[in-house]
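Participant: I am attaching a structure below and will ask some questions about it afterwards.
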Amino acid sequence: MEEQEIEIPDMYLLEYHSANRVIQLVNYGRLLRFAPFSIVLATVLYCAEFVSAAMLSNINRKTEDDIGTGFTITFMLVPAVLTQLALTFIHRDVGQDRPLVLLLHLLLLGPVIRCFEALIVYFKAGKKEETYVTLSRKISLKKGRKIPMEWEIGQSERTLAAHRNAFKRTAVIQAFLGSVPQLTLQMYAAIQEKYNQPARVVLMIINLVSITYGALVCSVLAIHIRYDDYKVRIRPAAYLCMTAWRGLEIATRVTVLVLFSTALTHWVILVGMANLLFFFFLPWAEFWAKKGSLTQGVERNFSNFGTVVVLTLFTLLYACINVFCWSAVQLDFTHRELIQRKQGWGRLALYYCGRFVENLVLIILWYFYKQDFYEYVCAPLLVVQLLIGYSLSVLFMLLFYQFCHPCRSLFKHNVHDCLRCICCQKGTSTRQNQKPSYSTTATMVLGAEEPLNPHPSEAPDLTSQLGERETDIVEDLTEAV
């Protein structure tokens, strides 16, 4: 399938030459605004999961299932409260005179009012021309060329960007602090009760969609953070590949943990806590090894206690993500943005190899200690299906990094190079006679116009003049596709 680029009409493009380079100036003050689909989708998932969990809790209460009702309500309220706190913290509403907004946050309706605010800004944006408030400078990668570009950012675009970035953070919180434990609980209850209630099935489907979307947001945010100096355009094929990768990874992981919990209930608590504590203390151990300071990477108006609280909650979310899927980022408390920009290929390979072995051990233990209920299920076939499902998720991940990654031309080495080195180790003279790999070919094509640096930190002089980095508003069109 041929990739299609987002075309901008010529009336919105201004070209001028600077230092032997063509710089395109895009005026989005007159360009059609794109609907904030990510904001609407996050709000719909939040409301749907909250309502369906409340209905299921009411059904469990009528059947006198107090334990199931308590856990369902807990996994419904905890992420909802954290979502309200995150939105209030990001938009800094505590010191502002907005009593209605704060009241709706207390009623757990914060995402709804934020969504309405974003839609109002969106529908009012195109009625009159606005003067831009800042410029966003990035480097666009098109057909092997690096093209410096500038975007005029108006007040409406800036407000929509703030709303969209806030909802992306809350989508991750909702997915991994609410949907993941909720889905695990409901799958366990369905197996124990040997019956699937329609309300429970609906809730599990919504949970799976929410988790997949949250993992997708993690991957996209990681790309934008690592390549912040570049204009990143994620194609529909890349979104499909990431959805298959994340969906299979999460579905198989949750299924393995639920099956293991039905056979060895107490041991699954040990497995879960061991995973959570390992990923929770890993960033802190690396931070202490680097002898960093807690004041770095956090806002200046935070006290030492506030800094520790914020970093602890951030690390807890990071650990919860890694228990069920790859977080796509590595924490680094010594960095200003708290996240490593360098792609950790070794850690990525180690994570998936270790996770595959862990899933294999857990599913084998379930096979030998399974209950009588599974006599009506072909257990060997189920084991094979789970292993194949997780292997397919790894395959889609490799396909994404090899063919669909928006900045794959910046990779010094890619999947093709790694597999060739591991599986087909040959002499230096033999490798020189072979055809160049995909990454080498891309680098050669880009080198014809201008040497391409392997890391955004080595970008041309234009990026060194960046002021405050702005979020690209046009990304909503790609998400809509």
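The backbone N, Cα and C atoms fix where each Cβ goes, glycine too.
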Participant: In TrEMBL, which of 68-90, 160-182 is tagged transmembrane segment?
Facilitator: 68-90
Participant: Would you mind listing the long-range same-chain contacts of the transmembrane segment (349-369), meaning Cβ under 8 Å and 6+ residues beyond its ends?
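Facilitator: Contacts of the transmembrane segment (349-369) (Cβ under 8 Å, skipping residues fewer than 6 from its ends): 252-253, 256-257, 259-260, 262-264, 271, 322, 326, 379-380, 383, 386-387, 390-391, 394, 397.
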Participant: In terms of Cβ proximity under 8 Å, which residues at least six beyond the ends of the transmembrane segment (102-123) contact it?
Facilitator: 33, 35-36, 39-40, 42-43, 46-47, 50, 77, 80-81, 83-84, 87-88, 91, 93-94, 156, 159-160, 163-164, 166-167, 170
Participant: Using a Cβ cut-off under 8 Å, which residues of the same chain at least 6 positions beyond either end of the transmembrane segment (201-225) come close to it?
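Facilitator: Same-chain contacts beyond the flanks: 41-42, 45, 48-49, 52-53, 56, 168, 171-172, 174-176, 178-180, 182-183, 186-187, 190, 232, 234, 239, 242-243, 246-247, 249-251, 321, 324-325, 327-329, 337, 339, 341, 405-407.
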